[in-house]
Amino acid sequence: MLLGALAVLITGEISPVSALFAINYDVLIFLFGVFVAGEALFQSGALIPLMERVFKGIKSRGNFFLVLIFGSGFLSAFLMNDTVAIIGTVFVILLAKKTDIPSEMLLLALAFSVTTGSVLSPVGNPQNLLIASGAGLENPFLIFAEYLLIPTIISLFLIYPALKFFYPYRPEDKTSFVFDESEKFSADVCVLDKNLSKISALSIIILFVMIFLKIIAGFFGYSEYFPLTLIAVFTALPVIVLSKKRLFILKNIDWQTLVFFSAMFVLMQSVWSAGFIQGIFTGSENLLLSNGGIFISGVLLSQILSNVPFVALFMPLLLIMESPESSYMALAAGSTLAGNLLLFGAASNIIIVQNAEKRGEKLSFLRFARVGIPLTIAQSAVYIIWLVYIMP
């Protein structure tokens with residue numbers, strides 16, 4: 001992406017001034033803030049003891065997966081899917097060692113959960129953030145929940161049956177959830193930094209409070225006083241101001257993604273200005289710009305372009321057509337759910353695979369696809385029915 005952006009600058013396809021204006025700084029600032037809070041949370045080890053206590057009380061396989069799926073899904077909706085993927089990978093591998101459940105099954109559960117759960121929030125993933133920012137949604141959290149909460153909950157419920165079909169229950173697994181109470185596995189992940197843990201907790205509390213205030217402000221027409229960038233800045237401030245490890249945390253956040261986004265905005269603006277995308281959709285607007293067409297385009301084309309660049313290219317079409325809110329929600333759902341179809345459909349999948357390989361576990365492209373393809377078809381049916389026939 002960076003090479004592409006440099007190429008269009010060098011060849012004069014886009015001027016340096018236009019390139020600077022093409023970058024969506026609101027998106028970059030929000031990503032930076034969430035990355036800081038997420039990295040601090042990971043380095044502190046604060047979530048691991050909490051997860052440990054929750055899972056030690058579970059005795060049945062069904063409840064185990066429901067907690068894992070819905071916990072990962074709803075955390076990703078607010079902490080962003082990539083953050084939960086980083087923290088969750090370490091934890092599910094440890095869970096696999098403490099149970100008879102295959103690590104591959106748990107890694108798939110995590111991957112499908114963080115992707116599916118991130119659909120329902122404007123801050124669940126980068127493409128949703130881009131949509132919420134670019135579409136100028138008055139109260140994005142409520143709008144996303146109105147259109148996407150119910151189909152997302154249904155889709156989360158579909159994950160376990162899909163996994164169960166390919167990884168059938170064995171009678172000998174019935175004792176898989178009995179943990180040795182004397183055995184602590186939080187230390188296997190990282191040493192708990194109590195000071196950073198408190199600061200991280202403060203950041204997360206601020207994040208949820210700011211989101212709540214933005215929702216309330218939206219009811220009274222004051223949503224613009226709580227922009228997403230402000231939420232991100234306040235979320236990151238405790239870590240940057242109070243933590244002694246601020247420089248270490250800043251060094252370790254995902255700078256590559258921030259550079260990727262900056263380059264993507266420049267390259268996609270150049271492609272749009274060339275008129276290539278407009279030419280493709282000429283004459284087929286009614287089909288492709290329907291909610292069903294947008295959703296299917298998002299799922300399929302995101303496999304080729306990747307979901308964030310696809311959204312960056314598709315968004316201007318919706319703006320020109322003055323599309324309704326439901327069209328933007330179809331774009332968010334389709335481009336995000338693309339991550340469940342194939343392994344390379346979402347960055348969070350790659351994060352999970354890479355972190356798993358560092359700990360001696362593998363998840364192949366074909367093993368992902370054999371569950372992901374039927375699951376995505378079933379989940380897509382849910383979203384299409386909802387967005388086309390119930391909430392058009």
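Cβ coordinates come from backbone N, Cα and C, glycine included.
Per TrEMBL, the feature domain 'Citrate transporter-like' maps to 1-321. What TrEMBL records for 29-51, 63-96, 147-167, 199-219, 225-243, 255-281, 293-321, 328-352, 372-391 is transmembrane segment.
The transmembrane segment (29-51) makes contact with the transmembrane segment (199-219): 3 or more of their CB pairs lie within 8 A, with pairs spaced 6 or more apart in sequence.
Between the transmembrane segment (199-219) and the listed ranges 63-96, 147-167, 225-243, 372-391, the one holding the most Cβ pairs under 8 Å is 225-243. Per-residue pLDDT, averaged across the domain 'Citrate transporter-like' (1-321), gives 85. Taking Cβ pairs closer than 8 Å, the transmembrane segment (328-352) reaches residues 76, 81-82, 84-86, 88-89, 107, 110-112, 114-116, 118-119, 124-125, 127-128, 131, 135, 137, 143-144, 147-148, 151, 155, 257, 291-292, 294-300, 302-303, 307-308, 310-311, 314-315, 318, 363, 365, 368-369, 372-373, 375-376, 379-380, 383, 387, 391 in its own chain, all 6 or more past its ends. Contact between the transmembrane segment (147-167) and the transmembrane segment (63-96) holds: at least three of their C-beta pairs are under 8 Å, each pair 6 or more apart in sequence.
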